[in-house]
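Trainee: What follows is a single structure, and I will ask about it in a moment.
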Amino acid sequence: MSMLAERRRKQKWTVDPRNTAWSNDDSKFGQKMLEKMGWSKGKGLGAQEQGATEHIKVKVKNNHLGLGATNNNEDNWIAHQDDFNQLLAALNTCHGQETADSSDKKEKKSFSLEEKSKISKNRVHYMKFTKGKDLSSRSETDLDCIFGKRRNKKLAQDGCSNSSADEVNTSLTTTTTTTSAFTIQEYFAKRMAQLKNKPQASAPGSDLSETPVERKKGKKKNKEAADTDVENSPQHKAKRHKKKKRVEAERGPVAKKRDRAELQPGGPSEDECSDASVEAAEDCVQTPDIQDDVPKPKKRKAKKKLQRPEGVEIDATLDRAPVKKKKKKVSR
C-alpha cells in the first residue's frame, strides 16, 4: 500500500507476469526449427554457441527515453556525443574522402551525350533530342546564359579594358601614310580645274527665289475663287435677300423724314440727305445678328440708285398734301 504522500500510480496485474507458460512450452515453432538444425536446451545461439542462454527479459517502458536508457545514464550524453564523433572520424579515415585531384580528373573526362546515344542498343539517337541536351560542347558564357548566372562586374570591366587596349594597339599599328608625287602648285591647279568644271549653283537659287512668289500668287487666286464660290452659293444669296428686306423695312421712316426735310427752306441738300439715309440704313443693318457680314462699298452705289426714284415719287405726293413742319433732332 502506497503512502498518502506518494503519487498515485495505476498498476496492472496479469495472470502470468513473467510469461513462464511460453518459456516452458516445448511445442513452439521456433524451438522445433532450432532443434532440427542441431540446437538443444542450455546452449547459446551462434556458430560457436557463445550467445545468451536465457530468454530476454521484458521491461515496462513508461518514459520518453530511448530503448535501453535508464535514469542513471542521463548525465552521460556528452560522453555519448564524443564517442559518436570519434566513430565518424574513424570511418572517414578508413574509407578516405576523394581528393581535389580526382575531382579535376572527373571534370576533364567529359563525355558526349550524342556519341553515347549512337553507341546504345536502344537507338535513342535523334538530332533534336540529343544535340539540344548535350551541354559538353557549350562554353561557359552559353551555360551562364542558359542557367541565368551573372558574372562579376569586375570581370566584365577587365574584359572591356582589355578589348579597348587591343583596339588602340591595332589602330596604332594599322595607320597608313601615303606620299603623293604632286607638288603643292600642281595639286592646287588640279583642284581649281575641278571646281571650274563643276556646274554653277546659282541657277537653283533663282528657282528657289521665284517659287515663294508663285506660291503667294496661287494662294491669292485660290482665295478669290473661294470668295466667288461663296457669293454664288444659294445660302449667301438668301442672306443678301433677307438683308435687303430688313434695310427697306427699316429705311421707310428714315426716307420720309429726309423728304420732309428737303421741302423745308434751308434744309439739307439731296446729297446730304442721301448720305444721311445711307448711314442710317447702315446703322440699322449692323444688328448683332449680322455683324460678321459687313456690306461692301460697291453695294452703296446700288442703294443710292434705289433711293433716288423713291424720293422723287414721295416729292410728287407731298406737293399735293400740306406738310407739317417738324424740328429735326440733332444728335451730339
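Quick reminder: no glycine exception, Cβ is built from N, Cα and C everywhere.
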Trainee: Out of Ser110, Ser171, Ser209, Ser274, report back the residue that Swiss-Prot marks as phosphoserine.
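Mentor: Among Ser110, Ser171, Ser209, Ser274, the one Swiss-Prot marks as phosphoserine is Ser274.
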Trainee: If you check Swiss-Prot, which of Ser23, Ser102, Ser269 turns up marked as phosphoserine?
Mentor: Ser269
Trainee: Among 1-27, 55-81, indicate the range for which Swiss-Prot gives the feature region 'Disordered'.
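Mentor: From Swiss-Prot, the annotated region 'Disordered' range turns out to be 1-27.
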Trainee: Looking at the candidate ranges 214-224, 291-301, report the one that Swiss-Prot labels motif 'TBM'.
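Mentor: The listed stretch tagged motif 'TBM' in Swiss-Prot is 291-301.
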Trainee: So what pLDDT does the domain 'G-patch' (26-72) average out to?
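Mentor: Across the residues of the domain 'G-patch' (26-72) the model's pLDDT averages 84 on the 0 to 100 scale.
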Trainee: Taking helix as H, G and I and strand as E and B in DSSP, count the residues of the domain 'G-patch' (26-72) in helix, strand and coil.
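Mentor: With helix first, then strand, then coil, the domain 'G-patch' (26-72) has 10 helix, 0 strand, 37 coil.
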Trainee: Count the residues of the compositional bias 'Basic residues' (236-246) that DSSP assigns to helix (H, G, I), to strand (E, B) and to coil, and report the three numbers in that order.
Mentor: 11 helix, 0 strand, 0 coil
